[in-house]
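Swiss-Prot has this to say about the protein:
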type: ACT_SITE; residues: His12; note: active site, proton acceptor
type: ACT_SITE; residues: His119; note: active site, proton donor
type: DISULFID; residues: Cys26-Cys84; note: disulfide bond
type: DISULFID; residues: Cys40-Cys95; note: disulfide bond
type: DISULFID; residues: Cys58-Cys110; note: disulfide bond
type: DISULFID; residues: Cys65-Cys72; note: disulfide bond
type: REGION; residues: 1-25; note: region 'Disordered'
type: SITE; residues: Asn62; note: site 'Not glycosylated'
Amino acid sequence: KETSAQKFERQHMDSTGSSSSSPTYCNQMMKRREMTQGYCKPVNTFVHEPLADVQAVCSQENVTCKNGNSNCYKSRSALHITDCRLKGNSKYPNCDYQTSQLQKQVIVACEGSPFVPVHFDASV
């Protein structure tokens, strides 16, 4: 079974991320990373930075998560990310996403030993 840390990597890490400038990036990646199985995941963020840099966020600024938990951490610097948002008229199985390239700070929830990201909470 996939661990929480592995799921985070599958859903949110794309360190090569060279093709994120393509308008079809989200449609391809959401399918490839298995987030359009059974339903279309409405919103998802991919981070185009080395995994080690994202894992390092777990030792940066401690902030409260959206759900009230206290194990979220905010990156010191802005990271290259791509936001994928399901278009309003899109229906499963034809999941159609809007692709937006951004540079923002990210907030991730971390847990475990080693202490690693397990949930993408927000970008700010």
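Quick reminder: no glycine exception, Cβ is built from N, Cα and C everywhere.
Using a 10 angstroms CA-CA radius around Asn62 (site 'Not glycosylated'), the recorded positions that qualify from Cys26, Cys72, Cys84, His119 are Cys72. In terms of Cα distance, the recorded positions that sit within 10 Å of the residue listed as 'active site, proton acceptor' are His119, chosen from Cys26, Cys40, Cys58, Cys65, Cys84, His119. The residues of the region 'Disordered' (1-25), classed with DSSP into helix (H, G, I), strand (E, B) and coil, number 14 helix, 1 strand, 10 coil.
Cys26 (disulfide bond) sits 26 Å from Cys58 (disulfide bond), taking the C-alpha atoms as the reference points.
Comparing CA positions across the disulfide-bonded residues Cys58, Cys65, Cys84, the one lying closest to Cys40 (disulfide bond) turns out to be Cys84. Using a 10 Å Cα-Cα cut-off around Cys58 (disulfide bond), the recorded positions Cys72, Cys95, His119 reduce to Cys72. When secondary structure is read from DSSP and collapsed to three states, Cys26 (disulfide bond) falls in the helix class. Local packing around the Cβ, expressed as the count of other Cβ atoms within 10 angstroms, is greatest for Cys26 among the disulfide-bonded residues Cys26, Cys40, Cys72.
Cα spacing between Cys65 (disulfide bond) and His119 (active site, proton donor): 10 Å, rounded to the nearest whole number.
Under DSSP, Asn62 (site 'Not glycosylated') is assigned to a strand (E or B) in the three-state scheme. Checking the recorded positions (Cys84, Cys110, His119) against Cys72 (disulfide bond) with a 10 Å Cα-Cα cut-off leaves Cys110, His119. For the pair formed by Cys110 (disulfide bond) and the residue listed as 'active site, proton donor', distance between Cα atoms is given as 7 Å, rounded to the nearest Å.
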